[in-house]
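Copied over from TrEMBL, here are the features:
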type: DOMAIN; residues: 34-111; note: domain 'Inhibitor I9'
type: DOMAIN; residues: 133-601; note: domain 'Peptidase S8/S53'
type: ACT_SITE; residues: ASP141; note: active site, charge relay system
type: ACT_SITE; residues: HIS204; note: active site, charge relay system
type: ACT_SITE; residues: SER553; note: active site, charge relay system
type: DOMAIN; residues: 662-762; note: domain 'Subtilisin-like protease fibronectin type-III'
Amino acid sequence: MKMVINRNLLFFTFGFSFVASAVHASIDSQRKPYIVYMGEARGAGISTSDEHHNLLLAVTGEESIAKSSKIYSYGKNFNGFAARLLPHEVKRLSDEDSVVSVFANTRNRLHTTRSWDFLGMPQTAKRRLDMESNTVVGVLDTGIYVDAPSFNDDGYGPVPAKWKGKCVKGANFTGCNKKVIGARYYNLENIDQENQSPADVDGHGTHTSSTAAGIAVKDASLYGLAQGTARGGVPSARIAMYKVCWGSGCSDMDLLAAFDDAISDGVDIISVSIGGDSRSFFQDPIAIGSFHAMKKGILTSCSAGNGGPYPGTVENVAPWIMTIAATSIDRQFTTAFKLGNGMKATGISINTFSPKKETYPLIDGARASNSSGDYYGNIRCVHVIVIVSDLHLLSVFVLNDDDSACDYGTLSMDKVKGKLVYCLGSSGQDYTIKDLNGAGVITSLDAPTDIAYTTIIPGTSVLLKDGYKIDVYINSTKNPRAVIYKTRTTKMRAPFVASFSSRGPQLISLNILKPDIAAPGLGILAAYSKLATVTGYPNDSRYSPFNIISGTSMSCPHAAAAAAYVKTFHPDWSPAAIKSALMTTATPMKIKGVDAEFGSGSGQINPSEAVHPGLVYDINMSSYIRFLCKEGYNSTTISLLIGGKKKYKCSNFKPAQGIDGLNYPSMHAQLKSAKSNISAVFYRTLTNVGYGNNSVYKATVTTPKDLSIKVVPNSLKFNRTHQKQSFKVFVEGGSMQNGTQILSALLEWSDSKHIVRSPIIIYKPSE
């Protein structure tokens, strides 16, 4: 049979196919990754993958698109999937009865020794080593460097029988040991193709893991700085790493996949030093993951964020999360310098370099400029103004050109090479000066700071008054010289809330105080990855088994370890009971900022005291459901969160009582307006976890004059362990005047053996 080809038809068909493909390609490029959260897992024998495919098929209308658009299915502990969706598909899925929420996949950020002694947990602290060795701390972070000394497994017994996790091998990662018993990585968007393994090429995950559960390593230091024994809070515990963070951040879908695995693997505590902008609870992967962890008896410790000292910046605010602020220990890092005229002063930095010469030539950014400037002799005109007075100095810091700040591209290598450079402002100029072969850098601070950054070359940051003296010296000397000395550690008064630590009030549940508690996060020495340089920059030649880092990322694993420590003594306690024990036994902050408990929560953790709190504020699942109903979540959502065949309604539950609707260890109320009078009632129930019978606890309230606080009843008697007793706290007062926004009080229950503390915070919003 002879085939006849119609060329016009062939061309039309081909052209149509090409256009259709182009249209499909254009539409596909508009697809964005979303997470479809569907509540509790369906249970054994039910294929969530088929359910997810059918939903996608219903909204896309094509089998091939339904298959290609799905990225990942969650189904071990909660139900949901990640997929690339178009806007109208997002809308249709959001309207499905089986769907709790649909939210865009976003990228979250990392919140980047002696600390345990400072917290009252010396190496000789009482421990239940059999329980501690069976405890697994799950860490969601940048990976782990198993060969670090802090993870040596000498003397460890077999992996706990309960452990169901995996150790995934890959690039720069040959396997686990009996200390680091699990390691997985998640890269669902294939962002990083080169480091497909749990290996830590950043250092952050190694640092946080060892802070929580590293073994004791003697003579640990960063090039001799902060020398001592580095150890975690539960040094006999095991570690499971879930690598969710890459160079571009930590994606929602990876975080959820890690939570799903960690819960099933058998971790006892989860530590997450990651966060992002506040979102409603069930559009937030950390809130979702920690909610399902809580249902399985696992407490999640999260960093509060590094958005301080600004109010309203606290992150990870779900009430089932333990949210951790960062405080100081009694050690600071100071770096001295000396000018050629003999003047000595001290700045702040982490400078690991000792000077190789007695002094070095000194120049400022203006004189090192790669552009021509107007000078009178050796003095640039702008500096003639500087010398007049401190007031003019402040003006100059605003008016100076970019070269005075040593901004990238403004300086001449010929002028900088081999010299110390003085720069206005402090914005990482050490990297610029290193690229120009400078010998070191002195930067000026616009305001005092508590954060010491590690410099890539000799460097220190000084206050304005000392910067002014440097400026005068350079302007009055033909051949100015100076030297920067290696950093020293010195004592300081502590603890105080670190300046960077995010502050409340929170923006989601307005009457729940966040952060919950504080832990050391300023200048923390812990293990580090040999796959990363000390500063993280490729042109840094220093590699160290330990590093000094600051951030709520560092405070979070301290609290996670404290929770694990308490759990070794009380394995049957709920996550809420463990959290309550840590909060009610915390040490109140002696050094308070204007933000009061919005900075520190209940205070600094005191793990040894938390083992015997006397009483706890426990919260069960039905209490959380009542709270969510009060927060406005509907019956359909509640049924999906609880799971099972039974349909639940908020009307099935006793309404949540009080202004906050939850049996929380702290008490907080935000006024509705700046002119509102104060009127709040808190309903609370305490559970006796002490060992003695016939305990009588009496209430004591410390309150400012503007508040009237009444506790009813003000005496509670417990006849047996696990007995519960309820009380109410009535808070009254007029409108807050004279610019006052925060009123802080304290409730203490005491039986002479235990003190159970709860801060009471009233907040007035700005007008």
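The backbone N, Cα and C atoms fix where each Cβ goes, and this holds for glycine too.
Annotation for the active-site residues HIS204, SER553: lowest Cβ count within 10 Å of the residue's own Cβ, HIS204. Counting only the Cα atoms, the space from ASP141 (active site, charge relay system) to HIS204 (active site, charge relay system) is about 7 angstrom. Residues in the domain 'Inhibitor I9' (34-111) partition by DSSP class (helix H, G, I; strand E, B; coil) as 28 helix, 28 strand, 22 coil. Helix, strand and coil counts under DSSP for the domain 'Subtilisin-like protease fibronectin type-III' (662-762) come to 0 helix, 59 strand, 42 coil.
Restricting the average to the domain 'Peptidase S8/S53' (133-601) gives a pLDDT of 91. The distance from the Cα of HIS204 (active site, charge relay system) to the Cα of SER553 (active site, charge relay system) comes to 8 Å.
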